[in-house]
Structure formats: structure tokens, C-alpha cells
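Below you will find the structure I want to go over with you.
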Amino acid sequence: MALNLRKNHPLFKTINDALIDLPTPSNISAWWNFGSLLGICLITQIVTGLLLATHYTADTSLAFNSVAHMCRNVQFGWLIRNLHANGASFFFICIYLHIGRGFYYGSYLNKETWNVGVVLLLLLMATAFVGYVLPWGQMSFWGATVITNLLSAIPYIGQTLVEWAWGGFSVDNPTLTRFFALHFLLPFVIAGITLVHLTFLHETGSNNPLGIPADCDKIPFHPYYSTKDILGFALMLILLVALALFSPNLLGDPENFTPANPLATPPHIKPEWYFLFAYAILRSIPNKLGGVLALAASVLVLFLVPLLHTSKQRSLTFRPISQVLFWALVANLLILTWVGGQPVEHPFIIIGQLASLSYFTIILVLFPLAAVLENKMLNL
């Protein structure tokens, strides 16, 4: 009998084991779609990014004009640019929902998968930051100046680090050149580490909404979840194209339509919406080093989540007290995002400080305590 090529070919069998014959829990919901949506986001960003890179010039005197030229004179350049800029927003929407899903259903107990995922989040944030600098508008320039300057808060070596990152004594041509190099490189690093993320995931298999072992009831990934994923792709791409065609500048900053000018500071320097929660935490601490540490902690705290799991149950499905805390955390992040976009004045300062404090309190203190309380109440 002829061998089944799909199951025996060295290359095809890897793809088969990951996308076709993969045993998958039969009860996973639409919240499990976001992993594959992130894959589609990455592919979309790499393809549109490569097309943009063919017309972009990484030079301070030419960068802004090269982007304008792309939108005016290149066939469908406006569309490619709008898809790329808004694709970043969709990337972050998907990754935040993906992390929220992992948090809610206890997927972080697959520790290696979770930790690699946090590394992927950090890489994505780095990529988005250096990418935002490339059009060399006002907010690009001042965003780069403010955020790279945070390195100077590091004692003793801070100033040296900043000048090393800048390639000079201010954000200038060397900075733009290296940021373009990094922005080109990092998505491919993300693609590589995504494979590591998947490898670790397939060691244990997917979690499910009940948070219980599902080995007794698994179904093949294809055709069930492949079909479900394609529906997700269609819905997301429809939303992305709608945003890129109807309201491409909705999420951008009008300040970035002005070419970078080192002599004029914009009235409100703020990052893109997906960084506002961290920016609000940074601003809520009146000390520079303290702010930088809080900014780093706001994302790095995710590494601690598996260590703080005190419940005897994996998921929050049957834990109402922790559910209330979870949604309080979501609301808290939305408040931080809103405050991050507001000017630094009363009452936004105190709102930001309280929201920052409650962000860390909920994750580091209240979640572990609530889980212990629930264990007691359920006599576990």
C-alpha cells in the first residue's frame, strides 16, 4: 500500500501535525481564534511592509516625502500604507484579546507557551514603536525622543545608553536608519519565535473553556477549526479593509502630518492608542526612574501570572469572585488607555495614579487572595 504523503513526508508531516490532524478540544470557543488571527496579522504586516519598504527612503530629509510620494504616486500605495498602519492596530487588538483569553481560562499554566508569548508581546511592542518613527512626522520624532530618553533614567550608564541608541547627541539620521533596520528585521524574529510558541503549545495541546483535561474528547483540527479560523480571517480582514478605506486616519495623530521639526514640540506628546495604558502608568509616577520601572513592570508582570496562581481550578469559568476581578482589571485598563490620551492636569493625574495602583493591586494581590478564598468556600 502506498504511504500517505501527508503523514510521512518530512516537511508535510510537520504541517499535518500542526494544522490538519492536530487533536483539538471539541469545546473551544471563538476566543481560541485569536492565535491564528495573529498569524494572519503578521503575514499581512510583512507583505504590506515589504511593499512599503521598496518605496521608502530611510533618511531624515527624504523619509516624510517618500511616504507622501507613496500615497500619491505609487499604484495603490495609499491602500498599502493604510492597511499597514491600521494592521498594526488590529495586531494589538488581537494580541490583547488573546492575552485576556489566556488570563481568563488559565492558559498561562502552560508556562513555556505563556512566557514565549510574553516575549512575543515585547517584540511586537518594540516593532510597533520603531515603525511609528519611520514616517518622520512630528509625533514620530518626539515619540522617539521621549521614549528613548527614558533609558537615561538608568543610573550611571543611562546617558551613554541613550546616545548609543541615538547614534549621536539627539534623534537624527543615524537613529532613523537603525530604526528602519530594526523594523525590517523584528517581524521575521517574531515569525521565528511564533514557531517556538506553537511548538510549546503542541507539547501540551490547547486548553479549553472548562479548564479540565480534554484528552477523552478531541477532534481533528481540520476541517472543524480550519473552517472556523477562515471565518475569523474573513471577519477580521473585512473590518481591517473597512477601516483602511473609510476612516484610515481615525486612530492616527494629526500631528504626524507635519514633518518632524526638532525646534517645535507638539502640545501633547502621546503614543498610538495601543501603548496608552503603559504611557498612563509611566506618567502617573512623578519620578523618572520610578516611572520607567513601572512602565516596564506593567508588561513584565505577565511573567509572574503563572507563579501567582493559587486556585485549585484552572479557569475562571466557575469562579465568580475572580471573574468580577477580571472584568474590573479590563475596565481598569480601559480607564488607563483613556487617561493616557488626556493632558497632564487635574483630575486626570489622580485618576491615572489610582488606576495604575489598582492595576498592580488586582494582578499581584487581589487575584491570588480571591483564589484562596474561593478554594475555602468550595472546600477544595
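The backbone N, Cα and C atoms fix where each Cβ goes, glycine too.
Dumping what Swiss-Prot says about this protein:
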{"type": "TRANSMEM", "residues": "34-54", "note": "transmembrane segment"}
{"type": "TRANSMEM", "residues": "78-99", "note": "transmembrane segment"}
{"type": "BINDING", "residues": "HIS84, HIS183", "note": "heme b b562 binding site"}
{"type": "BINDING", "residues": "HIS98, HIS197", "note": "heme b b566 binding site"}
{"type": "TRANSMEM", "residues": "114-134", "note": "transmembrane segment"}
{"type": "TRANSMEM", "residues": "179-199", "note": "transmembrane segment"}
{"type": "BINDING", "residues": "HIS202", "note": "ubiquinone binding site"}
{"type": "TRANSMEM", "residues": "227-247", "note": "transmembrane segment"}
{"type": "TRANSMEM", "residues": "289-309", "note": "transmembrane segment"}
{"type": "TRANSMEM", "residues": "321-341", "note": "transmembrane segment"}
{"type": "TRANSMEM", "residues": "348-368", "note": "transmembrane segment"}
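Please situate the listed features within the shown structure.
For HIS183 (heme b b562 binding site), the Cβ neighbour count at a 10 Å cut-off comes to 22, with all displayed protein chains included.
Of all Cβ atoms in the shown protein chains, 21 besides its own fall within 10 Å of the Cβ of HIS98 (heme b b566 binding site). Secondary structure at HIS98 (heme b b566 binding site), taken from DSSP and collapsed to helix, strand or coil, is helix.
HIS202 (ubiquinone binding site) falls within a helix when secondary structure is assigned with DSSP.
When Cβ-Cβ distances below 8 Å are used as the criterion, the transmembrane segment (289-309) is approached by residues 99, 103, 106, 108-109, 111, 114-115, 118, 121-122, 125, 150, 153-155, 277-279, 281-283, 356, 359-360, 363-364, 367-368, 371 of the same chain, each at least six residues removed from its ends.
Long-range contacts of the transmembrane segment (321-341) within the same chain: residues 100, 103-104, 270-271, 273, 275-281, 283, 311, 348, 351-352, 355-356, 358-359, 362-363, 366-367, 370-371, 373-374, each at least 6 residues beyond the stretch ends and with a Cβ under 8 Å from a Cβ of the stretch.
Counting same-chain residues at least six beyond the ends of the transmembrane segment (348-368), those with a Cβ under 8 angstroms from any Cβ of the stretch are 280-281, 283-285, 294, 297-298, 301, 304-305, 308-310, 322, 325, 328-329, 332-333, 335-336, 339-340, 342.
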Cα-Cα, whole number of Å: HIS197 (heme b b566 binding site) versus HIS183 (heme b b562 binding site)?
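The Cα atom of HIS197 (heme b b566 binding site) is 21 Å away from the Cα atom of HIS183 (heme b b562 binding site).
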Check for me, if you would, whether the transmembrane segment (179-199) reaches the transmembrane segment (34-54) - at least 3 Cβ pairs under 8 Å, residues 6 or more apart in sequence.
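Contact confirmed: at least 3 Cβ pairs fall under 8 Å.
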When the Cα of HIS98 (heme b b566 binding site) is compared with the Cα of each of the binding-site residues HIS84, HIS183, HIS202, which one is closest?
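Closest by Cα distance to HIS98 (heme b b566 binding site) among the binding-site residues HIS84, HIS183, HIS202: HIS202.
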Which ones in the same chain are close to HIS84 (heme b b562 binding site), with CB under 8 Å and 6+ residues apart in sequence?
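Correct list: GLN45, THR48, GLY49, LEU52.
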Just jot down the residues in the same chain as HIS202 (ubiquinone binding site), at least 6 apart in sequence, with C-beta under 8 A of its C-beta; none if empty.
ASP17, ALA18, LEU22
